[in-house]
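**Student:** Sharing a structure here in structure tokens format.
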């Protein structure tokens, strides 16, 4: 397959049978340093494999995206959960969301501090409350009520994120977040054997952000969207730009208009870039299992599993493929 700029998609399907599909991303960002690339590649492949295992075992699309994103939240190479970037005060504030395309159920949390896996809390918001979104202290109180253990913030902070904040302060000055060099987010989309779709997105946000800043990741329609009639999307990139164009739902609008997944992703990202100069990326799977990973940022770690075949990459036209054990 020829590789266009920032685009990865599988070969054309041979049939319209529902296939199990998981696609994950590790965030649209500036170029990843050579000494981290293999760790990032391994982490993203591990997450996709975990999501696919859940589907193979009969789990739902929601189970799969939660499982895949949890793997990435637990990996310090990614900006979510353990290893989240720090705000202007050197603290962690994390956001996450999840959505079930079967009935449009959704849950989200923002500005949570002492939770190792915000995606799990977002799912509990979806399933255990009448609400879609909890934030800050309210979200943390809900986590306590649900029996989710609190984790001291210092245990979620890494030496790399401390150095990242110091470097950002020196280079840009506090609060200057117009065009962050690292807009790392993690996300997953999945299609299960019952034809249900889901997405999940999780992030630590933008390094050196103002206290209380919330980006696109927990916002349904911006950070992600899932509808069984259309597809599932998880986005990454400059959060303020993604919010302004409602990037996830915009991509699915183009699917609704009859565009292929690749065309839909390209149109949505091009609009954000032309209108706002906003860079980013997205992963999308439609109701028949066609998927795409597309980005306008310098790189976007991604991995996908379909029909037992794992594909993964980071940079343009750099894809590794292997068969998973049966």
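Here the Cβ of each residue, glycine as well, is placed from N, Cα and C on the backbone.
Features from Swiss-Prot:
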- 185: active site, nucleophile (ACT_SITE)
- 213, 214, 215, 216, 236, 237, 238, 239: substrate binding site (BINDING)
**Student:** What three-state class does DSSP give residue 237 (substrate binding site)?
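**Tutor:** Note: residue 237 (substrate binding site) is in a strand by DSSP.
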**Student:** Could you measure between residue 185 (active site, nucleophile) and residue 213 (substrate binding site) for me? Cα positions, answer in whole angstrom.
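**Tutor:** With the alpha carbons as reference points, the distance is 15 Å.
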**Student:** Please list residues from the chain of residue 216 (substrate binding site) whose Cβ is under 8 angstroms from its Cβ, counting only those at least six apart in sequence.
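**Tutor:** Sequence-distant Cβ neighbours: 222, 223, 235, 239, 240, 242, 243, 247.
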**Student:** When DSSP states are folded down to helix, strand and coil, where does residue 213 (substrate binding site) land?
**Tutor:** coil
**Student:** Where among the binding-site residues 213, 238 do you find the Cβ with the fewest other Cβ atoms within 10 Å?
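**Tutor:** Comparing Cβ neighbours within 10 Å for the binding-site residues 213, 238, 213 has the fewest.
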**Student:** Near residue 214 (substrate binding site), how many other Cβ atoms are within 10 Å of its Cβ?
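**Tutor:** I count 19 other Cβ atoms within 10 Å of it.
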**Student:** So, in DSSP terms, is the residue listed as 'active site, nucleophile' helix, strand, or coil?
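**Tutor:** In three-state terms, the residue listed as 'active site, nucleophile' counts as coil.
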